[in-house]
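Peer 1: Heads up, here are the entries from TrEMBL:
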type: DOMAIN; residues: 534-584; note: domain 'Cationic amino acid transporter C-terminal'
type: TRANSMEM; residues: 21-46; note: transmembrane segment
type: TRANSMEM; residues: 58-80; note: transmembrane segment
type: TRANSMEM; residues: 101-125; note: transmembrane segment
type: TRANSMEM; residues: 161-178; note: transmembrane segment
type: TRANSMEM; residues: 190-209; note: transmembrane segment
type: TRANSMEM; residues: 259-280; note: transmembrane segment
type: TRANSMEM; residues: 300-320; note: transmembrane segment
type: TRANSMEM; residues: 352-371; note: transmembrane segment
type: TRANSMEM; residues: 377-397; note: transmembrane segment
type: TRANSMEM; residues: 474-495; note: transmembrane segment
type: TRANSMEM; residues: 501-523; note: transmembrane segment
type: TRANSMEM; residues: 562-582; note: transmembrane segment
C-alpha cells in the first residue's frame, strides 16, 4: 500500500448528471430545504442566552458577524457546487480536491455526528410538542406504561415514545420519495419563517425604545463572543449542496440557493434578536424560553402559543432535512465503494435509497428513544466545523493545482428536460509557456492576488518558474493550520496580557499567518473558465479566514467532546483500512 493511494482522487464519470435519483428540486425547493436545515429550535434558545449574558441589544451585530463568517464558508461551497453536480457536499468536495482518506474521515464522522445530533433533535421535538399539552403525554408514559428510574448513564430514565413516533413518521415521509416529501418540508419551513417574521414585527410594536439603552452593555469583546455562539445557529447552510444530485440545473441553482438561503436566515435571525431586546430589557430575558416568556409579559400573550407551535415546526423541519442530508452522504459514499454497495440501492419507483433511509431512521429512533445523549451534541458541532474547514482547504489546493484539468458541467433547464454542456479547462498550455506577460497574469488573477503580484512584478517570473503553486500551497497550509491552532489555544485558554512571553507568542503566530497569506498571493492561481457559473471571490483570503474561524470554534469545544470525536476517528480509520481502501472505485 503506497501512501499516495491514501490521497487518490475521485474519477469523474463521463456524464455526471446521470443519477438514479430524481432531479425534482428547483431553486425555490433548494432554498427552503437549506433554510430548514439552518432554522432549528436552537435559535429560540441561543438568542435569549446570548442577548442576556453576552451582547444585550447589540445581538443584531453579533448575528451579522456570525452570518458574515458563514457567508465566507458558503462561498467556498458554492464554487464546488457549481462544478460538481454530485450528492455528498463536504465529502465529495474534499474527495475531488484533497483525497480519499480525509474525505472518508469527514464523511464517516459527519454521518455519525449527524445521527447523534438528529437523535437529540428528536428528543427536543418531543419535549416542545409535549409542552403544548402541559407535559401530559410524557407523564402518562412514565406513570402508566414504562420507566426505569435506576437506568445507568447514558440511558434515559424512561423511553421517549414521542421521539420514536416522530422518527417513524419521518421514515415514511422520506420513503415516499423526495418529490412528495418536499411539500412537507416546504410547508414546515414556511410556517417557521412566518413565525419568526411575526416575532420580528410584533416585538417592535409592543416594545420600548428605552430597552435599547445601553446598546452594548457588555462591550465589544462580548459581541464577538456572542457571535461565536450564534454561529451554531447557521450550521446547515450547506444543505443545498447535499441535494445537488436531486436538483434541476444544479450548477446554477445550488450556488444560488446556498447564498440566498443564508441571506434569508440572517435577516430573520437579526430581526428576531433585535425585536426580543426591544420587547423586554435584556436583563429580564428568560434564558430557557426567551421569546415565549417575553410575550407572556406583553399585551399579546397569545403570541407565546404561536411561538411554541413554531418551535415544534422548526424542530420537525430541521429533523427532516437533517435526516435527508445524512442519508445522502451515506448514499454518496456507498456509490464510491467506501461503504457497502447495498446502501446505495435506489428504488426504481420512488427514486429513494431505501436501505440507507431505513438504517439511518432506525439508528435515530433507537438513540432518541432510549439514550440521554444531550452531552454528545458537541460531537456533531466538531464534525460540521471540520467539514467546513476541509472544504476551504480543498478549495485552496484546487485553485493552485495546475497539473490536472477539471470539467465544468452545466445543465440548462427547459421545463422538465435538461441538456448537458461539458467544458474542459486544461492548464497544460499555461504550464508549457515559459514566459507569461504581466498583463495576462493580471487578467486571470483574483483581486487580492492581482494587487500583490503587481506590486512584486519584478519577482513574479522567478516565483512562477521555481515555486510550484500546488506544492507551495500544501506546504503553506501545513504551517498555517498548526500555527492557527497554537494561536487559538493561547487566545482562548492561556493568554495573559501581563505575561510578556504570551504576548510575544500571539504576535509571532499572527505575523506568521500574515506572511503565509502574502506568499499565497504571490503564487499563480489556477485559471478558471468564463463558463463557470460561480467563482468564490477573495482567493486566498476567504478560505484562510474560514480556516481560522473554524479552528477557533473547534478549540472552544469541551475536552470530552474531543475525546468522543477522536474515538470515532479511530473507528473510522479501522473501517477505512479494513474495507473502504480495498473496495474503493477510485483504485
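Note: Cβ is positioned from N, Cα and C throughout, glycine not excepted.
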Peer 1: Restricting attention to the domain 'Cationic amino acid transporter C-terminal' (534-584), give the mean pLDDT.
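Peer 2: Averaging the confidence scores along the domain 'Cationic amino acid transporter C-terminal' (534-584) gives 89.
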Peer 1: Could you check whether the transmembrane segment (300-320) packs against the transmembrane segment (501-523) - three or more CB pairs closer than 8 Å, residues at least 6 apart in sequence?
Peer 2: no
Peer 1: Applying the under-8 angstroms CB criterion, which one of 21-46, 161-178, 190-209, 377-397 scores highest with the transmembrane segment (101-125)?
Peer 2: 377-397
Peer 1: Counting a contact as 3 or more Cβ pairs under 8 Å, with residues at least 6 apart in sequence, do the transmembrane segment (259-280) and the transmembrane segment (21-46) touch?
Peer 2: yes
Peer 1: Which bits of the chain, at least 6 residues beyond where the transmembrane segment (474-495) starts or stops, bring a Cβ under 8 A of a Cβ in it?
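Peer 2: Beyond its ends, the transmembrane segment (474-495) has Cβ neighbours at 393, 396-397, 502-503, 505-506, 509-510, 512-513, 516, 519-520, 544, 547-548, 551-552, 555-556.
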Peer 1: I'd like to know if the transmembrane segment (21-46) touches the transmembrane segment (190-209) in this structure, counting it as a touch only when three or more C-beta pairs sit under 8 Å and are separated by 6 or more positions.
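Peer 2: Between the transmembrane segment (190-209) and the transmembrane segment (21-46), contact is present.
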Peer 1: Which residue counts does DSSP give the domain 'Cationic amino acid transporter C-terminal' (534-584) for helix, strand and coil?
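Peer 2: Looking at the domain 'Cationic amino acid transporter C-terminal' (534-584) with DSSP, the answer is 40 helix, 0 strand, 11 coil.
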Peer 1: Sort out the residues at least 6 away from either end of the transmembrane segment (161-178), same chain, that have Cβ-Cβ distances under 8 Å to it, and list them.
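Peer 2: Those are 21-22, 24-25, 119, 122-123, 125-126, 129-130, 137-138, 141, 145, 184, 246, 316, 319-320, 323-324, 327, 349-352, 354, 357-358, 361, 364-365, 368-369, in sequence order.
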Peer 1: Apart from its near flanks, which chain residues at least 6 from the ends of the transmembrane segment (21-46) lie with a Cβ under 8 angstroms of it?
Peer 2: 87, 121, 124-125, 128, 177-179, 182, 185-186, 188-190, 192-193, 196, 229-230, 232-240, 243, 245-248, 250, 253-254, 256-258, 260-262, 264-265, 268-269, 272, 287-291, 307, 310-311, 314-315, 317-318, 320-322, 324-325, 331, 346, 351, 353, 418
